[in-house]
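J.: Pasting in a structure now, in structure tokens, and then I'll have a few things to ask.
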Amino acid sequence: MKDHHEPTDPTDAGPADSGRRAFMGVAAGITAAVVAPGVVLHSVTAAPRSEAVTSDVRWGLLIDTAKCVDGCSACVDACDRENGLNLQNKPASASQEHWDDQKAVWIRKVQLQDNQTGRVTNLPLMCQHCEHPPCVDVCPTGASFKRADGIVMVDRHTCIGCRYCMMACPYKARSFIHKAVEDQLTRVPRGKGCVESCNLCVHRRDFGEDSTACVDACREAGHEAIVFGDLKDPESSIRKHLAEMASRQIREDLSLNTGVRYSGI
Amino acid sequence: MKRIIYREWRIPPARYWGLLGILASVVVIGALAFAYMEHEGHWVTGMSNSVVWGTPHVFAVFLIISASGALNIASIGTVFRKPLYKPLGRLSGLLSAALLMGGLLVLVLDLGRPERLVVAMTTYNFRSIFAWNIFLYSGFMAIVIAYLWSMADRHGEPYNRPIGILATFWRLALTTGTGAIFGFLVARQAYDAAILAPMFVVMSFAYGLAIFMLVMMFTFTEEGRPIGERILCRLKNLLGIFILGVFYFTLVYHLTKLYGAKNHDLVGWLLLDGGIYTFMFWVGWVLVGGLMPLGIIYHPVLSKDRTWIAAACGLVIVGGLASMYVIIIGSQAYPMQMFPGHTVLASGFFDGVQGEASRYSPTIPEVLLGLGGVAIALLITSVGVRVLQFLPESLADDVLPVDEEKIVEQGPAGAKA
């Protein structure tokens, strides 16, 4: 029985076939010449994204409250711009007070006073990226999750908007998207009815950049109060700082081993 | 003792359809409120990033724990072998399933993404009590339906007690699970207390029984079916004990909190200067939901009057909603203790500046959605008793089985009589 997929003898090809083959060859060459650089370029740019995140690193922040300046909101503004939080619009019929209670906030400035000494401290507060995050434990669908590199974030495809993670977060770090967002950034998709929080500028991580928007802004403002880095790398700047200065976690009593550490409080 | 005959609820059609029309209207209004909130987003509610669970949760949790409590009567009859309560088992089961349905609907329709319910039903994180509860709720519904079958069908009779025992344990697990949703939240000071789980169990007994008694009295009185003194007196006294149980747990909850010095501010705020929450606690939870119904139940004259007994049940329900409001919303409004020994002078996210509590005012759509859940529970119950044989023809003293105690007193001969 003849195999229908048997290749035909090349000597059988007539002049018409050879002409067609030549044309095909030229077309393929031109196509390759035009498309290939794009393919190569694309694959090179996207390389970091194609690699699985590993637990060889654990990203974290160290905040030196002694350097955090009263009245400065550079980190907050930068976070808002980087993550499209500045694109949120107050509904015309909502009062400012109501809107302030409902708009998403990923990082905020907090000013504290020690009840005994009266000493005033300023600090930025965001998701603390716990090693054992309560938000991940309570999420019924597993939408709230921790990446291998320690970043805690929300899968917006499986978040059902139950807000149990917000109830469980000891840092009040999460925000619910109360209304539809018209303008948003593709790198930080935002959906009405889902929960979100600081993700340590995860898009930067995945493209191999070595800082976050808040860290850059703080440096540019001349304060350098925030250090970002790999908590597992003994040679990283954050580890060296942590070795030199006393630091603590907020709500240490919960033993969550947060990825964000503070000195001076 | 005569044979108990169950019969459909045969009130005049005009009255029945009128009742159904009212309930359906409330359901439709609730559905419209949901559609409005879903379309516009939660920004039209009073909920915020500080108070994330609002009035719909108050209704939903109240209905869910009441569903568990409404099954009390069936459990007492089947599991604890109290024949006096047996004739009411069917109504108890129906009401239980209906209340659970109402509560779950409110809960689901208050999700940020209600259309993703299928995700919640197919993707589970088994570390989450919330995920366990999905199984506890759906399992409860299936068990109650099987329980009803075992009560109503002759073929189901042999399975009645085993299913009844399973249902009893299941509903205790369900209410414990619901209480644990709050009781194991370490983040918020008011919640971080395991006693909330058993407290929810006792609250479920009281609220579920109060709703059951009101529904029973309403359905029987409407059709002119007799309710004897004996059963009413028993139910009323049972309600009194459950209210005392709620008081006991409320007291222990606050004493437990006070034992930890770090919680003095919380208890002081809640009991003395928490504004609406202090009012809701003392006036709603304690006075209306506890002292007033207890006063009626143990009053020598008022306790004999059926209208007053019904009023006591109504007060327990109002008090129950107030207690849920304090537990669910008050506990969220109190600022989170992130910096002990410090005062927050300023914050870009309302971290309890100068100890100030978070704002929350329920909006009308939230209340309407909650009422829609109540209406759907009553609608299911109304249709159920109308089309199926859930209600006994009579609960008159001479129709009901003899009290257990009398059987013991009179000996085997008396038991035969």
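Glycine residues also receive a Cβ, built from the backbone N, Cα and C atoms like all the rest.
TrEMBL feature annotations, pasted as is:
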TRANSMEM  B:16-37  transmembrane segment
TRANSMEM  B:57-79  transmembrane segment
TRANSMEM  B:91-109  transmembrane segment
TRANSMEM  B:129-149  transmembrane segment
TRANSMEM  B:169-187  transmembrane segment
TRANSMEM  B:193-218  transmembrane segment
TRANSMEM  B:238-256  transmembrane segment
TRANSMEM  B:276-296  transmembrane segment
TRANSMEM  B:308-330  transmembrane segment
TRANSMEM  B:367-388  transmembrane segment
J.: Do any residues of this chain, six or more beyond the ends of the transmembrane segment (B:91-109), have a C-beta under 8 angstroms from a C-beta of it, and if so which?
T.: 34, 38, 56-57, 59-64, 66-68, 70-74, 77, 117, 137, 140-141, 144-145, 147-148, 151, 171, 208, 211-212, 215-216, 219, 369-370, 372-381, 384-385, 390-391
J.: Quick one: do the transmembrane segment (B:57-79) and the transmembrane segment (B:276-296) reach 3+ CB pairs under 8 Å, ignoring pairs fewer than 6 apart in sequence?
T.: no
J.: Near the transmembrane segment (B:238-256), which residues from the same chain, at least 6 beyond its ends, have a CB less than 8 A from one of its CBs?
T.: 72, 193, 195-196, 198-199, 202-203, 205-206, 209-210, 213, 267, 270-271, 285-286, 289-290, 293-294, 297-298, 312-313, 316, 323
